[in-house]
Amino acid sequence: MSQVYNFSAGPAMLPTQVLKQMQDELLEYGNTKASVMEISHRDPYFIAMAQKLEQDLRDLMGIPNHYKVLFLQGGASAQFSMVPINLLQGKTKANYAHTGHWSKKAITEGKRYCEVNICTDSSDNKYTDIDVFENWNIDPDGAYLHYTPNETIAGLEFDYVPEVDMPLVADMSSSILSREVDVSKYGVIYASAQKNIGIAGLTIVIVRENLMGNVLANQPVLFDYTTQANNDSMYNTPSTYSWYAASRVFEWLKQQGGLSAMAKINQTKAKTLYDAINGSDFYSNPVAIKYRSWMNVPFLLADESLNGFFLEKAIANNLITLKGHRSVGGMRASIYNAMPQDGINELVNFMKVFEKENT
């Protein structure tokens, strides 16, 4: 099979090395005489893998000891509910930054539990820019500030971390593990797995211990961070294969040199693609340069009537899943950790040829 580069926004491309390892181990995990999908989550082999999974993530991200790491289900969407359930703690207000599709969904769910103060809003500029933090309208009575560091659909990414005197909550689904992060600045970090962590079915939550133990009354027991922490994220049967896939991705990340090395790789990949877009009158990106995403790169063709032909030719050249989200249009290249520089080079070369042949 020839090399195919998958630019899907999620579920996304996995490292080839990880896929091959998963293939090799599919029928028998370790000496269990069974697939990892078939063994109990209480099996000593699985428990050992789960413990290493957490330790590898702690090592990669430098997670302090006074933070719990939870491996949950329900996607980031479940966290839109779990965050207010766990963090309101007697307060009736929370601050949310509205910078795109996913932060809007978090806001909608947050309103079910409290009064939401939208402290900054990028909808007026169609999610192409972010206001400087000095202009934000933070309600000091809010229980927390929630923001989305990288908006997958618009390709809009913060280049700063908001500094507030309240717990900071971040939906890092599409940026986690792409660079180093100072976890101590956050009260809660959460991320669904199907972009930079592994496969769908797993959501990672990193929560500071002093924010646990005071949930809203009459809520599902599974939505209590303390319940999950006290049961090692196994109050119910976990998504075992998703845990396993993440364990293999974490090992791969360590082999690449960790997150400082990945940051350099990701910066180079993004620069290669943005340089090609910026140097062309045929392609464009609407996002303010300062806030362009490393992970998700939308680009528009000057002649929209060529969109379908572009996608058809791209697939023929083994460049797949480049269609942009319907709210933005055009194309979108999602270039998470697993996308190698060679994939970016192939895309850029194709874009140049396509431009030459269609102008």
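Just so you know, glycine gets a Cβ as well, placed from its N, Cα and C.
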Among Gln51, Gln55, Gln194 - the residue Swiss-Prot places in the same pyridoxal 5'-phosphate site as Ala76, Ser77, Trp102, Thr152, Asp171, Asn236, Thr237: Gln194
Alpha-carbon distance [Lys195 (N6-(pyridoxal phosphate)lysine); Trp102 (pyridoxal 5'-phosphate binding site)] in Å: 14
Around the Cβ of Asn236 (pyridoxal 5'-phosphate binding site), the count of other Cβ atoms that are within 10 Å: 12
Rounded Cα separation (Å) that holds between Thr237 (pyridoxal 5'-phosphate binding site) and Lys195 (N6-(pyridoxal phosphate)lysine): 23
Lowest local Cβ density among Ser77, Thr152, Gln194, Thr237, which the record lists as binding-site residues, within 10 Å: Thr237
